[in-house]
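Peer 1: Reproduced below are the annotations present in Swiss-Prot:
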- 1-243: region 'NAD(P)H-hydrate epimerase' (REGION)
- 19-238: domain 'YjeF N-terminal' (DOMAIN)
- 69-73: region 'NADPHX 1' (REGION)
- Asn70, Asp148, Thr184: K(+) binding site (BINDING)
- 152-158: region 'NADPHX 1' (REGION)
- Asp181: (6S)-NADPHX 1 binding site (BINDING)
- 251-542: region 'ADP-dependent (S)-NAD(P)H-hydrate dehydratase' (REGION)
- Gly358, Asp475: (6S)-NADPHX 2 binding site (BINDING)
- 410-416: region 'NADPHX 2' (REGION)
Amino acid sequence: MASSDAEALCPPVLTAGAMQAADRYTIEEYGLPSFTLMETAGRGCAARIQDAYGPLEDEAVVVLCGKGNNGGDGLVVARHLVTDGARVHVVLASAPDELSDDAAHNLSLLRQLQADGAVGERLTIGELEDVETLTAAVAPLRPRLYVDALLGTGLTSDVREPIRSLVTWVNGRTAPTVALDVPTGLHSDTGAVLGVAVRADRTATMAAPKVGLRVGEGPTRAGTVEVVDIGMPPFVLDRAAEKPGCVRETTDAAVRAWWPARDPDAYKYSVGTALIVGGAPPFAGAPVMAAKAAGRSGAGYVRCAGPETIHATLAGALTTIPTLPLPTGDDDGIAPDAALDALAEAADTADAILVGPGLGRAPGTAQFVRRLVRTVDTPLVLDADGLNALAGHIDELADQRQAPWVLTPHAGEFRRLAGEEGALTDRVRAAQTYAERWDAVCLLKGMPSVVAGPTGRTVLGSIATPALATAGTGDVLAGQCVGLMAQGLSPLNAAAAALHVGGAAAERYGATHDPRSMVATDLLDMIPRVAAERFGEGRRQR
């Protein structure tokens, strides 16, 4: 079991190398034969296919098999589907004598089944000649489904012929495609398309998700991803997950364990004081949403500070949340010296501070943010214009700050912080690199959102919904994060929990509404509902 509570409670997402290590541990140290693993994997995939598309009795299924163990999994799937009554046509993309040992064994089992007459004429096995011949062969079958078992996690270079043509061919079919482990042509670590890649409707992945299914082109190429239990012990997967490049992903179970509980004798100051600093004309709504999100996440006492020019707006919108006006200067931004004095008592008594929603980019405001970061010893969340104020100064501020901090950039903000070096071709590595460099928890928002800690611990958000593609959801996320930190969650767990709960709230909205109609304030109504339904019975684990 990994030392971090985030790692222990969130399941692993593995690289190809880590998955190979898990196979090796299971076979050599745990004593489970490779053939048994293949059988369990194929049987599990066949069951998932039946669950999604069945019953497949008398339906035609075309199984495309490569020469490696991915192809062997496909041969096991073919055997189980045909014995369950499907009409199965197996296409071998290589000569039988080129198959891996376990795949060759499974081909012999299929041929024996065919020879025994046990499945009648429902099983046919052929070698690929060309796609024109294949088209003619499968057209009379009217396939219900295609299974991609051509290439698995070992692929690192562009797909070559004849598999390249097969990928293009299967992508042109109208029936759905199920990929085994990863879609052929997808890099299992980066999600990059290696020349061509299968566009699957579903992917049955073995033992644990692969990183490439979650990043890059993975989500659009893999479709719905289901994890198939192949009999690997959990401790084997945890051990493999310690390999470089592996991450974890959020789950309801993890958030339930982290979710703050209240003692019967709790009072407002005992369950977290959060301070939100934000707002500037015309963005007064941003700190309002953040402050409300902090309260909806359970912080007992929330205060909101903003420029005096919008104080009346903040006070009118936040009838249950005290507001604090900050002096402004000649540039219409916050006056640094006077504002720091005005904020001192609130900052000293807060358990966590959020800086940035709607704050604006006036020079005085940016100077105020940088001085606040240098001086306060309260945990910080920096978002939006709070991040923009750090651009060009973040490396020195990382050394000068007094408290832990969470940075919540979207792609544009991240590039401004990281400069020309901040390429996002590999989102996970980028978040990890700069979290370590800035000694921060970096919540890099996007697809997927990545939470990386300064020691390398990394958690992906596991809920993605287009409902979140609307203005203001980042303000709500930042407010959730500071609210959870104020209640005692570690910065990494607070960021991961906020990400998961916000996604669950958007998902909940989309279950009863058109996701395109959601606005950020709808999340404020959904967060307490989702918390009660899915997380509220948990115990706090900081």
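Glycine is no exception: its Cβ is also placed from the backbone N, Cα and C atoms.
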Peer 1: Between the binding-site residues Asp148, Asp181, Thr184, which lies closest to Asp475 ((6S)-NADPHX 2 binding site), Cα to Cα?
Peer 2: Asp181
Peer 1: The region 'NADPHX 1' (152-158): which same-chain residues, six or more beyond its ends, come within Cβ distance under 8 Å?
Peer 2: 16, 19-20, 66, 68-70, 73, 180-182, 184-188, 194-195, 210
Peer 1: Compute the mean position of the Cβ atoms of Asn70, Asp148, Thr184, which form the recorded K(+) site, and then list in sequence order the other residues of that chain whose Cβ is within 8 Å of it.
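Peer 2: In sequence order, the nearby non-listed residues are Leu64, Gly66, Gly71, Gly74, Ala149, Leu150, Leu151, Gly152, Ala179, Leu180, Asp181, Val182, Pro183, Val198.
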Peer 1: Using a 10 angstroms cut-off on Cβ to Cβ distances, just flag whichever of Asn70, Thr184 is the loneliest among these binding-site residues.
Peer 2: Asn70
Peer 1: How many whole Å apart are the CA atoms of Asn70 (K(+) binding site) and the residue listed as '(6S)-NADPHX 1 binding site'?
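Peer 2: About 8 Å separate the Cα atoms of these two residues.
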Peer 1: What whole-number Å value do you get for the CA-CA distance of Asp181 ((6S)-NADPHX 1 binding site) and Asp148 (K(+) binding site)?
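Peer 2: Counting only the Cα atoms, the answer is 9 Å.
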Peer 1: Please work out the helix, strand and coil residue numbers for the region 'NADPHX 1' (69-73) from the DSSP assignment.
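Peer 2: Here the numbers are 5 helix, 0 strand, 0 coil.
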Peer 1: Go ahead and report the DSSP secondary structure tallies for the region 'NADPHX 1' (152-158): helix first, then strand, then coil.
Peer 2: 0 helix, 0 strand, 7 coil
Peer 1: What Cα-Cα separation, expressed in whole Å, is found between Asp148 (K(+) binding site) and Gly358 ((6S)-NADPHX 2 binding site)?
Peer 2: 48
Peer 1: I'm checking region-level scores; what's the whole-number mean pLDDT for the region 'NADPHX 1' (152-158)?
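Peer 2: Mean model confidence (pLDDT) across the region 'NADPHX 1' (152-158) is 95.
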Peer 1: Between Gly358 ((6S)-NADPHX 2 binding site) and Thr184 (K(+) binding site), how far is it from one CA atom to the other, in Å?
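Peer 2: Rounded to a whole number, the Cα-Cα distance is 44 Å.
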Peer 1: What is the three-state DSSP composition of the region 'NADPHX 2' (410-416), stated as helix, strand and coil residue counts?
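Peer 2: Grouping H, G, I as helix and E, B as strand yields 6 helix, 0 strand, 1 coil.
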Peer 1: Let me know how many other Cβ atoms fall within 10 Å of the Cβ of Asp148 (K(+) binding site).
Peer 2: 30
